[in-house]
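A.B. asks: Copying in the features that TrEMBL gives for the protein in this structure:
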type: TRANSMEM; residues: 28-49; note: transmembrane segment
type: TRANSMEM; residues: 61-84; note: transmembrane segment
type: TRANSMEM; residues: 135-153; note: transmembrane segment
type: TRANSMEM; residues: 165-191; note: transmembrane segment
Amino acid sequence: MPETAAPESTSKTARKHSHVPATKQWRVVDYVVTAVLGISVGLIFWVLALSWKVLELGFQAFPPSIGLIAGLWVLAGPLAGAIIRKPGAALLCEMIAAIVEAVLGSHFGATVLLSGLVQGLGAELIFAAFGYRRFTLWVTSLAGLLAAAFMSVSENIMYNAEWQFGFQAAYTVCAIVSGVVISGIGAWFAYRAIAKTGALSSFASGRLR
């Protein structure tokens, strides 16, 4: 009957989009969790920066291959995008992480702020391209991919300018692979693990399907 068809259709639509926030406006809890994520990942960035010179020793045979761990630098954006699901979340979280790294002290200096902006923008563009309505493993992986691609271009300019083009291209490929695996797929499963604890009950992302 027509009287029952509409509610059923509405119910199906609601279930289909239950993973999407009811509004794109930010709540206080969105800012708080974004800050917590940014600070947490910022601490990872800081430790990574402190260890970078030592880590480079393991890649001396082929320096561009260090890009295989460079994907860690773009973790904040895809992770925040998958959890917060609001416009600007990926960019803001990556910037907070970069600020934390800069404040704690990084041998990369103030350039980490520019890196955070570029990397966060890369992730943000993917979520924006899907209208902040699709949050899947594939979308998060694409966010990690583009963030890493943006990162590799900026780092080839700022840090790897002395490398020949072949080395820079190899670094870009390695970084993109790393971005997809670590900060795309890795961020997705990290989010899912957090959601299963019930910590994301205030978020649409906490309603696992």
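Cβ coordinates come from backbone N, Cα and C, glycine included.
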A.B. asks: Same-chain Cβ contacts of the transmembrane segment (135-153) under 8 Å, 6 or more residues past its ends?
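C.D. replies: Hits for the transmembrane segment (135-153): 19-20, 67, 70-71, 73-74, 77-78, 81-82, 85, 90, 94, 115, 118-123, 125-127, 171-172, 175-176, 178-188, 191, 205.
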A.B. asks: What residues elsewhere in the chain lie close to the transmembrane segment (165-191), defined as a C-beta under 8 angstroms and at least 6 residues from its ends?
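C.D. replies: Cβ under 8 Å, 6 or more out: 62-72, 74-75, 77-79, 82-83, 137, 140-145, 147-149, 151-153, 155-156, 205.
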A.B. asks: How about long-range neighbours of the transmembrane segment (28-49): same chain, 6 or more residues beyond its ends, C-beta under 8 Å?
C.D. replies: 55, 72-73, 75-76, 79-80, 83-84, 86, 89, 92-101, 104-108, 112, 202-203
